[in-house]
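Colleague: The structure is given below, and queries will be raised subsequently.
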Amino acid sequence: MKEGCKKDEEAKESTLCGLNPCLKCLQPDILYHLGLNTETTDFPKVFGDVRFVCMGGTPGRMENFAYYVMQEIGLKINAATKLRNISEAGQRFSLFKVGPVLCASHGMGCPSISILLHELIKMMYHAKCKDPVFIRIGTSGGIGVEPGTVIISSEAIDGRLNPAHEILVHGASVQHASQLDESLADEIKMCHDPCKDSYEAVIGRTLCAHDFYEGQSRLDGAFCEYTPEMKKSYLETLQSQQVKNIEMESLAFAALTSRANIRGAVVCVAILNRLNGDQIKTSHDVLSKWEKRPQELVARYIRKVLYHNDDDDESEQPEDEAEAGAGGAGDTQKAPAEEAE
Ligand SMILES: O=P(O)(O)O[C@H]1O[C@H](CO)[C@@H](O)[C@H]1O
Ligand SMILES: O=c1cc[nH]c(=O)[nH]1
């Protein structure tokens, strides 16, 4: 358990801690951007079995991941089954539930993922989830790594290399530590097979920028008020400080998960090596293959945790949906995990 995190009455129910003490007074609690509330949805019944919350930038990636993870954890569905976007009413994020796995899109940048995380963390609290693991599966710009390499973040740092997510509250700066769970990073890394996988997976520091262009020292933005030499020097400094990649959500992800006593990991593929350029020239076909790499590792990890086995050993896999825990994909009335097309 997180240091200084006492188990209170709520913690007996969910394992989250450090949350807003007023949450229990909100009747109902409205998760506005997810289009859900505690009055019309029975959270413990619909989401109480969630053990993994996976997130990534785009709705399409997370829908594909939901179908992929369903197959990988052995949930049987028929070909006509279609997963329902549970947060469709909110019109901001997509959210799919596949048994114990929630898959959410988070948009771009810390403000967007922060909103999603506040609402997902409240969901875990109301649903009384026990020890949920949160994982971001994404893309990034690599620093001195071969494009296609998967980077599992050891910690998230800001542009000044500080391991903290800064927010302004009442006009004052508040910094929250952005550490990630080291043992979770190791467990995910162990799901990579250097003999079979055609790519490398490494653990390293991740720089989180608040912009894709100037914030990442690109020379190809609409504005650029620095020289190629200044860019080179900054990226080389990052490399010398064991920074392996740059993306745009890890600070908020790490800070909010650790504040809630949630184990979190960030697993991103590098789609270019920033030491060699700024523009992404790789074909969409190749990019979509690379994008699946973090998904593969994370699906293997989930499978391993659920069935306590190695990838080759299928002996403990469930026979059917019920055993695997395929469960409600939305409100309490809907059929589990799907609606027929
Ligand atoms: O990992 P994904 O969701 O692809 O997001 C990465 O790509 C976006 C920029 O293109 C940023 O949001 C960055 O973090
Ligand atoms: O260079 C990159 C690539 C993906 N995402 C980023 O934020 N930066």
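Just so it is clear, glycine is given a Cβ too, placed from its N, Cα and C backbone atoms.
If you look up TrEMBL, you'll see ARG92, ARG136, ILE137, GLY138, THR139 marked as phosphate binding site. Taken from TrEMBL, the feature substrate binding site covers GLN216, ARG218. As annotated by TrEMBL, compositional bias 'Acidic residues' applies to 310-323. What TrEMBL records for 52-303 is domain 'Nucleoside phosphorylase'. The region 'Disordered' feature in TrEMBL is assigned to 309-341.
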Colleague: Go through the binding-site residues ARG92, ARG136, ILE137, GLY138, THR139, GLN216 and pull out the ones with a Cβ less than 6 angstroms from some atom of ligand 1.
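Modeller: Once distances to ligand 1 are taken from each Cβ, GLY138, THR139 fall under 6 Å.
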Colleague: Spatially, which candidate from the binding-site residues ARG92, ARG136, ILE137, GLY138, THR139 is nearest to ARG218 (substrate binding site), comparing Cα atoms?
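Modeller: Among ARG92, ARG136, ILE137, GLY138, THR139, THR139.
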Colleague: Given the model, what does the mean pLDDT over the domain 'Nucleoside phosphorylase' (52-303) come out as?
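Modeller: Across the domain 'Nucleoside phosphorylase' (52-303), the average pLDDT comes out at 97.
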Colleague: Hey, does DSSP put GLN216 (substrate binding site) in a helix, a strand, or just coil?
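Modeller: In the DSSP reduction, GLN216 (substrate binding site) maps to helix.
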Colleague: Quick one: of the binding-site residues ARG136, GLY138, THR139, ARG218, flag those whose CB is under 6 Å from ligand 2, and say none if nothing qualifies.
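Modeller: Within range of ligand 2: THR139.
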Colleague: Taking the Cα atoms as reference points, how far is THR139 (phosphate binding site) from GLN216 (substrate binding site) in Å?
Modeller: 14
Colleague: C-alpha of GLN216 (substrate binding site) to C-alpha of ILE137 (phosphate binding site): distance in Å?
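Modeller: Distance (Cα to Cα, whole Å): 20 Å.
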Colleague: According to DSSP, which kind of secondary structure is ARG136 (phosphate binding site) found in, if we only use helix, strand and coil?
Modeller: strand
